[in-house]
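Copied from TrEMBL, the annotated features are:
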- 245-502: domain 'GP-PDE' (DOMAIN)
- 62-80: transmembrane segment (TRANSMEM)
- 100-129: transmembrane segment (TRANSMEM)
- 141-160: transmembrane segment (TRANSMEM)
- 180-198: transmembrane segment (TRANSMEM)
- 210-231: transmembrane segment (TRANSMEM)
- 515-537: transmembrane segment (TRANSMEM)
Amino acid sequence: MPVTRLKLGKLKVVRRQLLQRYEHQPFVSCLAGLYGCQWRRYQRAKAQPGECCCSKVECGSFGLLILTFFLSFVFLYFWSEAQNDYNDFDWFNFGTLGFWFPWSLVLLVVAAALFTYIALLLVLAVCLLSEGQRLYLHWSHKTGIVVTLVFSVTATAILSDLWSKEWKTLLLSLQVTAPFLHLAAVSLMAILSWPIALHFFRMNKKVRQVAVLGLFLSFLFSLYLVPLGMYSPCIKEAGTLGPAPHLIGHRGAPMLAPENTVMSFEKAVEAGGEGLETDVTISYDGIPFLMHDSTLKRTTNVAEVFPNRTHLDASMFTWAELQQLNAGKWFLSRDPFGTVSVLPEADRSKAQNQSIPSLAQFLEVAARSGKLVLFDLRRPPYGHPYSQSYINTTLQVVQDYINSSQVLWLPSEDRDLVHAADPELQQTSGQKASIQELMDDHITRLNLHYSKMSQQQISKYQSVNITTNLYVISQPWLYTLSWCAGAQSVTTNSIHILSNINKPLFLMTPEEYSLMWIVTDFVSAFLIFAIFIFHWWRERGLPFWSGSIQTHENGPYSKFRTDSSEVICVCWNPLHSDPPAAPNVSLSLVFDP
């Protein structure tokens, strides 16, 4: 009976020691299974502490994983910040492919999914390295990395070639997001300091220690200094923010109704817009009407009514022919902004019965509501009856239906003659120029693409009473940026959204920003220093006892096989009169190679 109890006591001691040594094993097994599809629990970290934990092939795979992570992040950030122009991208593809599909959203979803996949793989790899495990990336994951890398590089290259102006949008977005990206990057470096410190103190070669620590500190100090080069018009002294820009509905309210229809302009007025923007062309019999494209196939059912004239210029149709077309059904079937499902049934019913409006109908809506109007005028093609007199024809309609002072006259042709004929028109230019040139042309307002946003230039023009309108701004962050930059008005597709923004999404004083930057850097520096001190202390101060000899446990690098070949022997000679004391139990683990 005493012998049996002694055996049970010894087994309990063995079991307790084994559990203490295997406490990380389920976690490591899960990591290894997810990363390399190797779910068996066995020793894989045969390298000495501080040495390379993977073969040359796996080192290459890990390096490729890091590269893919950064490139996929750049593309995802680039494309997510380009949401303001998704509609233009989809219509460009419509004109190229001949059918409508929301390619922009598909591209965003794919980019987000691939980046998430790569980010998870990278987290698994860092956790395995922190546990001292060798990296064995499964071939399926290697294929996924290559696919993500090819996708990110190809998509970035194609969009850079076809849509290079979006890089300017990316740079503008940094004026809003840079402080938060800086905070995230510094936090990430603080997290990475844990495995880096662990490996640093376990390396036996000074050269490797200096290389690892030097590389880490170089990245860290670079991040600490990034805010020195940060500029944002939304970092300004208290009380210097001007009034919110006025909203001009781009072709009305195209998210709530078919663009360039009476319903669309009425929706823009209801949403609180200060102005209405449209595009004007002249019918074959001299009636100015609203149409943005050179043809009718995108926003009408011309393919059904005039199947042989789908590629004909819109100005080559008579007004009677134009009135036969439906200008609303396409909006319901294609749902260009993804908003049709949230519209009331009455609005959907009204939208499908819209027709092409004349300039006179448009001006009546603006005159009735007292709104400003901004329109571009397209010259009819050669051979059109009104190719030479289209400006006079349009000007006559303007004078008949609205007060000229409400009109922002954008066409640049014969500007001097137009100003002489009607001085009350607000002459508007679509190009930047010197103040003297603008004043010579009687310009009172600039109509510029948002990528040309400049706080200094806007302020310079405003000093001589030349206001600035930016187009097309539909995202709240871009509206915030234009507000901080001092723009007097913006043309937007989302007038119903921007009209509810009462203050900039991002605004702080230089003192607040400096405090945020300094606190972030100091807190992270303190945490990183503490982590390095902790690992230094742990590597030199965590002994465990095996028999009577003191050794140092190599942290998570000490792994044991748990295969069926593992044998545990509790050695005790029963011929001895007295059993050994529990503390002197000799435990040997026999491994089958």
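Easy rule for this one: first residue shown is 1, then count along the chain.
Cβ from N, Cα, C; glycine included.
Where the transmembrane segment (515-537) meets the stretches 62-80, 141-160, 180-198, 210-231, the count of C-beta pairs under 8 angstroms peaks at 180-198. Residues 175, 178-179, 182, 185-186, 189, 192-193, 196, 199-200, 203, 513, 517, 521, 525, 528 of the same chain sit 6 or more residues outside the transmembrane segment (210-231) yet have a Cβ under 8 Å from a Cβ within it. Using a Cβ-Cβ cut-off under 8 Å and counting only residues 6 or more beyond its ends in the same chain, the transmembrane segment (180-198) has close neighbours at 126, 129-130, 174, 212, 216, 219-220, 223-224, 226-227, 230, 516-517, 520-521, 524, 527-528, 531-532, 534-536, 555. Distant neighbours of the transmembrane segment (62-80): 54, 107-108, 111-112, 114-115, 118-119, 121-122, 125, 135, 137, 145-146, 148-149, 151-153, 155-156, 159, 166-167, 170; these residues of the same chain sit at least 6 beyond its ends, with a Cβ under 8 Å from one of its Cβ atoms.
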